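Copied over from Swiss-Prot, here are the features:
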- 19-39: transmembrane segment (TRANSMEM)
- 20-219: domain 'Cytochrome b561' (DOMAIN)
- 53-73: transmembrane segment (TRANSMEM)
- 57, 124: heme b 1 binding site (BINDING)
- 89-109: transmembrane segment (TRANSMEM)
- 90, 163: heme b 2 binding site (BINDING)
- 127-147: transmembrane segment (TRANSMEM)
- 162-182: transmembrane segment (TRANSMEM)
- 199-219: transmembrane segment (TRANSMEM)
């Protein structure tokens, strides 16, 4: 059995998965911007137009939160840098994503206030907020376990598998939240144009394939 050859093949597959993830991730950002800026009213948190405020939510929850979380996961496993640099970039990208996610969630609540809608009544909102809170807990857990100098190497070794599995599970929960959010928004729009409907479908597929590619990259990245 050629272990060296197997490792080389897995490293190549990991690099390919990372490139594919970047492609679908950036494609989803572009499609999101086309949708919100061309077909919808635009993006503005402080606008008097409630629909512009609402558009901040999907923009920041994907482009600012989910996309950065995926990048953070791949950075830790696939970036060619020292382990300490990988950890700092991993934690930093997660933190930026969480901050932008808070703004995105506030935009949804702000929209509800403007149009007198109740908060937290949809499956999307339940999945989304649960995922966001758990990811915040995951970040705090990781900071105290893997970045704090007083944490022992034994503790880090024991906790690492759970941290990795939790991160991968939360990535998929975030993908589910994004897709249910797109479905909910499409339902709100009613009879939109065929071109817009197709764009939303392609956006959902790009987000899904981004998440799958990130997971493949992370799963194979341990062989780098």
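Using the three backbone atoms N, Cα and C, a Cβ is placed for every residue, glycine included.
Mapped onto this structure are the features recorded in Swiss-Prot.
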residue : record                : CB count, 10 Å
57      : heme b 1 binding site : 23
90      : heme b 2 binding site : 23
124     : heme b 1 binding site : 19
163     : heme b 2 binding site : 15
Margin query: I need the CA-to-CA distance for residue 124 (heme b 1 binding site) versus residue 90 (heme b 2 binding site), whole Å please.
Written below: 27
Notebook entry, point to check: Residues sitting near the transmembrane segment (53-73): Cβ under 8 Å, six or more positions beyond its termini, same chain?
Noted result: 21, 25, 28-29, 32-33, 36, 40-47, 89-94, 96-98, 100-101, 103-105, 107-108, 110-111, 114, 128, 132, 135, 167-168, 170-171, 174-175, 177-178, 181-182, 185, 207, 210-211, 214, 217-218
Check: Counting only pairs 6 or more apart in sequence, are there at least 3 Cβ pairs under 8 Å between the transmembrane segment (19-39) and the transmembrane segment (162-182)?
Finding: no
Margin query: Under 8 Å between C-beta atoms and at least six residues away from its ends: which parts of the chain pack against the transmembrane segment (162-182)?
Written below: 57-58, 61-62, 65-66, 69-70, 73, 122-124, 127-128, 130-131, 134-135, 138, 141-142, 145-146, 200, 203-204, 207-208, 210-211, 214-215, 218-219
Check: If you average pLDDT over the domain 'Cytochrome b561' (20-219), what do you get?
Finding: 93
Next item on the list: Please give the sequence-distant neighbours of the transmembrane segment (199-219): residues at least 6 beyond its ends with Cβ less than 8 Å from one of its Cβ atoms.
Entry: 13-14, 17-18, 20-21, 24-25, 27-28, 31-32, 34-35, 39, 62, 66-67, 70, 73-74, 77-78, 164, 167-168, 171-172, 174-175, 178-179, 182-183, 185-186, 192
Margin query: Measuring Cα to Cα, how many Å separate residue 163 (heme b 2 binding site) from residue 57 (heme b 1 binding site)?
Written below: 27
